[in-house]
Amino acid sequence: MDGKKILKFLISFLIIIQVLSFVFKIDLLNAISKITLSISIPIFYCIRTAKIKIYHLSVIMLFAMGDLIVLTNFKNTIRYDMVIHIVGYVLLFYFLYYNHRSFEYNSRDVFTLVLGSLLYTVIFVLTYTVLRTPMGDMNILGFLLLLLLYVLLIVAAMHYINTRSEKSLWFFLAILNFAFSDFMLLLNAFYVQSYELQVLMLLCTPMAWIFLVNYMITKPLKLKAEEFDAY
């Protein structure tokens, strides 16, 4: 078994340990697994990529740092977590710009995008409506965080439906998991503290990192439409 497979196994193992240690309330093990996982993801990127890009590595480390905020003694760690995620999501727009291609959709693509966008818009509006008052002075931060995720997810879906490439799929899955994680983070922090929401966050957050790394290390592929035209 080579180093890449060992690291993949370690990351999967750490995700499971992190969830189990939270469920069984083993705080020390939970902290150790969280720290080790936050270190393992950047290492995973460095090992898997053909060329280390400082911008890519910085984005990964920024999200990892945000996850470690909960282990500190800072007051209002949720505020710092939200700020870090907002900065991270702003940086992710670079990837959308870098991989932009002119959009070409058929009627089925348009229907899928419209239906998905309407559904997500309803979720966005309902979530913000519920959280607006409980967030208090962090209302603007919460709105900005949800808005960035809203735009990122819709544009990521547009890119994937347009290209149907593996690279665009990884990015869409990363944003989808970030959205799940942060929506649950805000609901748990400001609306209703839920054991189940926290467990789901522990699963979605590292999955988002892994999908983001997979996006970074995957080479762009030809559009399916172009491949079909070649036959």
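Backbone N, Cα and C atoms are what each Cβ position is placed from, and that goes for glycine too.
Note: TrEMBL annotation is automatic and uncurated.
According to TrEMBL, the feature transmembrane segment maps to 7-24 (among others).
Within its own chain, the transmembrane segment (30-47) is flanked in space by residues 3-4, 7-8, 10-11, 14-15, 17-18, 21-22, 56-57, 60-61, 64-65, 67-68, 70-71, 206, 209-210, 213, 216-217, which lie at least six positions past its ends and keep a Cβ under 8 Å from the stretch. Look at TrEMBL and you will find 30-47 (among others) tagged as transmembrane segment.
Long-range contacts of the transmembrane segment (54-74) within its own chain (CB-CB distance under 8 A, at least 6 residues past either end) are made by residues 31, 34-35, 38-39, 41-42, 45-46, 80-81, 84-85, 87-88, 91-92, 94, 205, 208-209, 212-213, 216. According to TrEMBL, the feature transmembrane segment maps to 54-74 (among others).
Away from its own ends, the transmembrane segment (80-98) comes close to residues 55, 58-59, 62-63, 65-66, 69-70, 74, 138, 141-142, 144-145, 148-149, 152, 155-156, 159, 171, 175, 178, 182, 185, 215 of its chain (Cβ-Cβ under 8 Å, at least six residues beyond either end). Here TrEMBL flags 80-98 (among others) as transmembrane segment.
Positions annotated as transmembrane segment by TrEMBL: 110-128 (among others).
The transmembrane segment annotation in TrEMBL covers 140-161 (among others).
Long-range Cβ contacts of the transmembrane segment (168-191) within its own chain (Cβ-Cβ under 8 Å, at least 6 residues beyond either end) map to 78, 81, 85, 89, 92, 95-96, 99, 123, 127, 130-131, 134-135, 142, 145-146, 149, 152-153, 156-157, 159-160, 162, 197-198, 200-201, 204-205, 207-209, 211-212, 214-215, 218. The annotation transmembrane segment is assigned in TrEMBL to 168-191 (among others).
Panel annotation: around the transmembrane segment (197-217), residues 11, 14-15, 18-19, 22-23, 37, 41, 44-45, 48-50, 53, 56, 59-60, 63-64, 67, 95, 167, 170-171, 173-175, 177-178, 180-181, 184-185, 187-188 of the same chain, lying at least six beyond its termini, place a Cβ under 8 Å from a Cβ of the stretch. Annotated transmembrane segment per TrEMBL: 197-217 (among others), in sequence order.
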